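According to Swiss-Prot, the features are:
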- C60-C286: disulfide bond (DISULFID)
- C73-C85: disulfide bond (DISULFID)
- C108-C151: disulfide bond (DISULFID)
- C290-C314: disulfide bond (DISULFID)
- C482-C486: disulfide bond (DISULFID)
- N29: N-linked glycosylation site (CARBOHYD)
- N141: N-linked glycosylation site (CARBOHYD)
- N218: N-linked glycosylation site (CARBOHYD)
- N298: N-linked glycosylation site (CARBOHYD)
- N305: N-linked glycosylation site (CARBOHYD)
- N492: N-linked glycosylation site (CARBOHYD)
- C556: S-palmitoyl cysteine (LIPID)
- C559: S-palmitoyl cysteine (LIPID)
- 1-18: signal peptide (SIGNAL)
- 19-526: topological domain 'Extracellular' (TOPO_DOM)
- 548-560: topological domain 'Cytoplasmic' (TOPO_DOM)
- 527-547: transmembrane segment (TRANSMEM)
Amino acid sequence: METKAIIAALLMVTAANADKICIGYQSTNSTETVDTLTESNVPVTHTKELLHTEHNGMLCATDLGHPLILDTCTIEGLIYGNPSCDILLGGKEWSYIVERSSAVNGMCYPGNVENLEELRSLFSSAKSYKRIQIFPDKTWNVTYSGTSRACSNSFYRSMRWLTHKSNSYPFQNAHYTNNERENILFMWGIHHPPTDTEQTDLYKNADTTTSVTTEDINRTFKPVIGPRPLVNGQQGRIDYYWSVLKPGQTLRIRSNGNLIAPWYGHVLTGESHGRILKTDLNNGNCVVQCQTEKGGLNTTLPFHNISKYAFGNCPKYVGVKSLKLPVGLRNVPAVSSRGLFGAIAGFIEGGWPGLVAGWYGFQHSNDQGVGMAADKGSTQKAIDKITSKVNNIIDKMNKQYEVIDHEFNELEARLNMINNKIDDQIQDIWAYNAELLVLLENQKTLDEHDANVNNLYNKVKRALGSNAVEDGNGCFELYHKCDDQCMETIRNGTYDRQKYQEESRLERQKIEGVKLESEGTYKILTIYSTVASSLVLAMGFAAFLFWAMSNGSCRCNICI
């Protein structure tokens, strides 16, 4: 037994005296986690947040200028000239338009605006408007000053309500040619009285017809007389219409009653963000690259989660709370009890908290002490690849959005309006694509890190060959003495295996000899213990027989 203890102690001393080099990666006290396709909340040493989550809670100017805030008016109230919106008549510029939730000044006389959403989209897409007179009052040889209690005993500033003059309403014929360089938005209406009496009181003609024509439209209207529910004190209705007169085109109108005639039109110029925000946010003294109904934001990140209705130079909307990309390694806490090396570990069980200037590296122990160094080559390649991943994600998302925007910009205004209506679906699709793309890249990144450490380990293994033995924890125990200069050659790939081959062979034989001697001793001890045990059993059995025969409990008969 003493021999066995001596041999075991010898093996321990031999192992403890061996110079050692380990391959591993950086470990930190980071609490950052990322998600991949197959795992959630994977601990990593470093992350890059790709999602912007903050805004300033204000309405701000953008690179296209300041917003147009309508206060108590709606866009259609501005366009048709609700008398309560006179403050806006002078012409305005905007980067986007803001409607308040408390806006009440829209169409004062009850009725419907045909293609209202398209009208709002058309008007808001321009950058400015200028009022231009289409038909002067002298155009009409009937009364043109009709008013309504519903419109504060006044009427729209862009249209004239024509009624009889001296009990006569002859056919009115008017035409206007657009000599401007821009399109002109013009508006008209058809009045539907609640009774036949009101029809003749206003227009004298019981049966009227109105036609409105340009090179693009040819519309004919007849009133539908009859009472409707009381709205704004009125049982009558006005159907509101609009169209665009292009440069060089001529507008022709013919009517013998019920016409709400064009008076002023709007010359629309430039392009804005084309957005209408319905919000009560305060107007701030600020400039942002991206605006939402919740507030403005400035960021260089590729994604945000503020609002899918963002516009301007905005990152892409993703409806998640966080979208992180690992720019480091899997963060496996260092093992505290690692014998010779203390709180370090190889690539199998954990990372090194002391590793600096790199992600992958080496730690060694020899007669000169313990040292640690990063493998800067493999680290730099990994960093470059991750930087490329971030840029690629941004480029991929930008290209996909640009393709869609370009396709819709080539189509007509009606399809642009449809584009706005399906914008939610487009945003949701690309938000899903963005999340999936990041999950894929995260999976690849972490798999690549594991492969990088494994490749570094195998590189050292090939270099050392039979001059070292693996300990199973990412380390190699050298069969020869290896000072710091020798360790550096292992790290930089210039290790000369032949230089240390003879020393390693002798040390290996020495260790193997101890093992052989130990095995021989174990065999002798085994045989000795087996024989000794057998003798003890035999002597015990003989003593039992002798005792039993002496007291008569056992008798032996021999028959011949």
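Using the three backbone atoms N, Cα and C, a Cβ is placed for every residue, glycine included.
Structural mapping of features recorded in Swiss-Prot.
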residue	record	Cβ contacts under 8 Å, 6 or more apart
C60	disulfide bond	G284, C286, V287, V288, Q291, G296
C73	disulfide bond	N82, S84, C85, L88, A103, N105, G106
N141	N-linked glycosylation site	K165, P170, Q172
N218	N-linked glycosylation site	S211
N298	N-linked glycosylation site	V288, Q289, C290
N305	N-linked glycosylation site	L51, H52, T53, Y317, V318, G319, V320, K321
C314	disulfide bond	Q289, C290, L297, H304
N492	N-linked glycosylation site	none
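The disulfide-bonded residues considered are C85, C108, C286, C290, C486; of these, C286 has the fewest other C-beta atoms within 10 angstroms of its C-beta. Considering only the recorded positions N29, C482, C486, the residue whose Cα is spatially closest to the Cα of C151 (disulfide bond) is N29. In this structure, C73 (disulfide bond) is part of a beta strand by DSSP. In the three-state DSSP assignment, the secondary structure recorded for C60 (disulfide bond) is strand. Taking the C-alpha atom of C108 (disulfide bond) as reference, the shortest distance to any of the recorded positions N29, C482, C486 belongs to N29.
According to DSSP, N298 (N-linked glycosylation site) is assigned to coil rather than to any helix or strand. In three-state terms derived from DSSP, C482 (disulfide bond) belongs to neither a helical nor a strand segment and is classed as coil. For the recorded positions N29, C151, C482, the largest tally of other C-beta atoms within 10 A is found at C482.
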